[in-house]
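Quick look at what Swiss-Prot lists:
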DOMAIN    3-166  domain 'EngA-type G 1'
BINDING   9-16, 56-60, 118-121  GTP 1 binding site
DOMAIN    213-386  domain 'EngA-type G 2'
BINDING   219-226, 266-270, 331-334  GTP 2 binding site
DOMAIN    387-471  domain 'KH-like'
């Protein structure tokens, strides 16, 4: 489960500075959602290989009107759903009444809170932070967010349990990969040169084959997510089911269809069918982001009557950035006349042409039309994302791509692609080795991605292709001269000296 870190504190203590430092590898992901203040920020950050969501809660000032009145509803929700809370104070300004009011609220939440004294650069930090121990929140961690001092050590401490879980999972996956495929690079290159690649048993079932497919139904409020969830589950089912460990997260609902097990991750709060008429869905950005991270496949629900909005694109961008498979679901399709339907399809083609690999379904969640076909696309996307393909097959496809369209010339030399192998799954990641790959134009990279996608019949999931320069075996080595070459060199040097 992707951890969530909430940044809490009164204005101007450095929350935005820390937020920008943590999310430097990615832009802020979500903004302008209904019910959120304009300065609310949600972003994705990384600590090593651990991805986590960071939330700048903002809007907390703890004035005499009371912390409960001045804290926005979404800020309360962010703190409630966070795994870790970083309570930031200003070491230069000292302890204020606002800090005390916020601390009092945080103590009531029983959350794991780290008290962070920011702006300790250029001052005696130990003396400056001493008064903050009176907040009774334990150790006070010194930081200079503007310069990055103290940030890494604090994150490693705060996210230690999640890092341990990640290391354990990575160790198991590495061991499994080593068992499944261990190729000799030199032997492979000889086979490539001799045209002896064996592409039999080119694909194999993954260790995910027996696991249920987790899919998340995501989208803006009031596009019909709850209606679709209930329709997919069936009318007569008691549908509220919290699996262990999900009390603060979305509802996880196990189900089975045609002997295939699924888990629906519902972000809207699932209701009995009799209550589907309620117009306002409980909506949490954090729940949506965490559901996307945890899912294998995401069903992005779009309102046909409103077509594509910037909010839809924001959610879609997060899905693609996290590498999740996606199925586009255009809901409320019934009742539209033919002219409007054509306009909607044209708008989808115009604004979503960059994800032509995703299946698009036009449905009515309320009446059930088209809903049954969603399961076919979910399975297709999941199998495409998790199928394992041999090095021999990937290398052969790469060769065919070169035969159909040669790489360009760079500085008078043609870019050379040597071999390809799998670098990961969910999403599929292909690593290509060769020479001068750093000079390969983006247009040819896109060509290769599309060629692999078409050859492997990959639908519903992004494909990532990485390029690695092959090592030069002579780099850093001096050329050893033979005895006759050494004598000739000495004669030339002596003749040059006489001149």
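The backbone N, Cα and C atoms fix where each Cβ goes, glycine too.
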Cα proximity to residue 15 (GTP 1 binding site), best match among binding-site residues 222, 225, 267, 333: 267
The domain 'KH-like' (387-471) - residue tally per DSSP class, helix then strand then coil: 32 helix, 28 strand, 25 coil
Site with most surrounding Cβ atoms, counting all protein chains shown within 10 Å, from the binding-site residues 12, 267: 267
Assigned element (helix, strand, coil) containing residue 15 (GTP 1 binding site), judged by DSSP: helix
Taken over the domain 'KH-like' (387-471), the model's mean pLDDT: 90
Among 9, 57, 120, which are recorded as binding-site residues, the nearest neighbour of residue 222 (GTP 2 binding site) by Cα: 57
Euclidean distance between Cα atoms of residue 120 (GTP 1 binding site) and residue 267 (GTP 2 binding site), Å: 40
For residue 12 (GTP 1 binding site), the one of 219, 225, 333 that lies nearest, given that the binding-site residues are compared by Cα: 219
Pairwise CA distance, residue 120 (GTP 1 binding site) versus residue 333 (GTP 2 binding site), rounded so that it is a whole Å: 57
